[in-house]
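Reading through the structure tokens given below for one structure.
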């Protein structure tokens, strides 16, 4: 499908990458882990971590009775868990989603500075104006968005259910505004044939995967299956043996007969993917072409901010304003409507909704 003449133009944004956490010694790591475990008990808190956080953070979440998953499942786990406080190791929109589903709970994050290029690239004022210019369109937004953008939408979707929802809306003759990920939107439009106006955002990690370099790597490992997240460019998706959400890619590595996999998504997923597929070889898909020109290099710089020191600080700091997530109640109620609409639709399909990045 050719780009709509009414779609916003693609702007090159120089995102302000955060500094990487200072490496800790083994002794410091052990001390922080012990302190965090004690504080979780004292504060009646549970730690949930996204697939893209560093392996030691995912392991700590599992060791302490928390969970490792995609952002929506993290929020649902926190909602259903008896703990009064939820520590969200991820990026800011994930904390907001948790607060939308659990307004009565305290939602803390290791740092409120951990954001997302999809969130930054879809400011509510510009996106709302875009929607207002096309009032006859149904607004569908990816879960990787702010609470304000969700509140402006008719539907919120994850990558695991986006195809089904767009097919449903298209069957009803609905014209669709899609935001913010242009690659995922283009993939869905191609699969469904739906008429969609695209917001022109992208994930800095997935946007860097390169088809030519991937083709070269495939020549080195001809027996490897290529697993691709649909936030990747169309030329990369076209080379995939399996395309899917985070949880769907983990399942593919577990169930496919191949012994090797080239994986085009954030390398943080390797922790859970290796658990699900022990003995199989996982290979990073190339970013930035054949030269050392990548910026994210297959790992989200904001996810990397969720270090042990920051998690300990979120539990021990007396000043919670640097860690606590707040969502205006009117905004929360509005954002809950399209989220609930998705969850109710999933029930009609008898499927568990997972898979936003």
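Easy rule for this one: first residue shown is 1, then count along the chain.
Backbone N, Cα and C define each Cβ position, glycine as well.
According to Swiss-Prot, the iminosuccinate binding site annotation covers 50, 71, 142, 143, 144, 159, 229, 230, 231, 246, on the basis of sequence analysis.
Residue 203 ([4Fe-4S] cluster binding site) falls outside any helix or strand according to DSSP and counts as coil. According to Swiss-Prot, the [4Fe-4S] cluster binding site annotation covers 116, 203, 300, on the basis of sequence analysis.
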Neighbourhood of residue 50 (iminosuccinate binding site), C-beta criterion under 8 angstroms, separation at least six:
68, 69, 70, 71, 74, 89, 90, 91, 94, 268, 303
Residues that sit under 8 angstroms from residue 300 ([4Fe-4S] cluster binding site) by C-beta distance, when 6+ apart in the chain
52, 91, 116, 204, 205, 266, 268
Recorded iminosuccinate binding residues, 50, 71, 142, 143, 144, 159, 229, 230, 231, 246 - maximal Cα separation rounded to whole Å
18
For residue 142 (iminosuccinate binding site) and residue 203 ([4Fe-4S] cluster binding site), determine the Cα separation and express it in whole Å.
12
